[in-house]
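Take a look at the structure below.
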Amino acid sequence: MSDATSKAIDRAMGALVGGALGDALGMPTQLLSPVRIAELYGHVEDFIEPFPDHPVSKGLAAGTITDDTEQALLLGRILVESGDRFDHARWVNALLDWEREVKARGSYDLLGPSTKRAIDAINNGVPAEEAGRSGDTNGAAMRIAPVGIMMPLEPLEGFVGKVAETCRATHNTSIAIASAAAVAAAVSRGVAGGGWRDASASAVAAARRGATLGHWVTGGDIAARIVWAQDIVHGKAIRDAIRLITDLVGTGVASQESVPAAFAVLEVARGDPWQAAVISANLGGDTDTIGAIAAGMAGACSGFSRLPQQHIARLVGLDMSEVRALAADLVAARMAKIGSGKDAAE
Ligand SMILES: [Mg+2]
């Protein structure tokens, strides 16, 4: 294996496992207000069990990953199996199988609103091309990291086109594609050797392009909101930054809230994956998804070898050999696209 390939695999693992850390840390705090989080748990800095009546996370052990990580791994596998043309039917069936399996496990954390609506439409005979026409929440962005691992950023048109292709069945809207393109671009820049600031710049460029694709839906501009969200928290102390993110950026499932929030977290954490996970877990709202996105992007820019191994050892529900195999397959596909591997020398 070349040096460039092993470095890219380390970054790819950083993205996937970093995302899992953010997801699992935010699992017990998701859907709660910041005040309720403080009452129930204090300041969350380590994996904890959800309180017994948690609406979706009840019964899960501390450190358990959720839909964000599971669906990212699922999408990664479908990408590898699909080859050059993304297999929509296989993807939709995989999501349905996933939900069946999750229900059988007794989990309450099922498919999100856009994905659910799209799959219901497909089951009623709507073609995959049309099913995602109103999907504008953050489900596409939360699971997009594998696209960023597999696809080199250049040419940007091809990169964003691949993002849009994977969003089509469930999130075929300007806002969701722009959001997913931003997150995927940050991951791709990290896998290419870029730091978190480079990754943020690439994200903004990709979001601008992504916003021109899919069905237009109303909502704040993703690229502009990422720049603004990072700007308002720049140089702020963590507690003040958390306040700005919850009060102004927003932490809901709307893409135009949670995705810029994840970039603001990346800024406050200065690219540190565990710090990004901790900040996200205390935000309230869609903490696990914001954490998965922020810590995943940070992990792509730092690499697996710089993630906190003591926390990784306590993750529940993540098969590390599966993650390693997927990272290797996605990086192999990436290297085949860029030929000599010059991208990794950035
Ligand atoms: Mg989740």
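Any Cβ shown, glycine's included, is placed from N, Cα and C.
The Mg(2+) binding site annotation in TrEMBL covers Thr66, Asp67, Asp68, Asp286, Asp288, Thr289.
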Quiz item: Looking only at Thr66, Thr289, which of these binding-site residues has the biggest number of Cβ atoms within 10 Å around its Cβ?
Solution: Thr289
Quiz prompt | Contacting binding-site residues, sequence order - Asp67, Asp68, Asp286 vs ligand 1, Cβ under 6 Å | solution = Asp67, Asp68
Quiz item: With a radius of 8 angstroms around the mean position of the C-beta atoms of Thr66, Asp67, Asp68, Asp286, Asp288, Thr289, what other residues of the same chain does the Mg(2+) site pick up?
Solution: Asp23, Gly26, Met27, Gln30, Asp109, Met142, Thr287, Gly291, Ala292
Quiz prompt | Asp288 (Mg(2+) binding site), number of other Cβ atoms within 10 Å | solution = 30
Exercise. Tell me the Cβ neighbour count for Asp286 (Mg(2+) binding site), meaning other Cβ atoms within 10 Å of its Cβ, over all protein chains shown.
Key: 29
Quiz item: Taking the Cβ of Asp67 (Mg(2+) binding site) as the centre, how many other Cβ atoms fall within a 10 Å radius?
Solution: 25
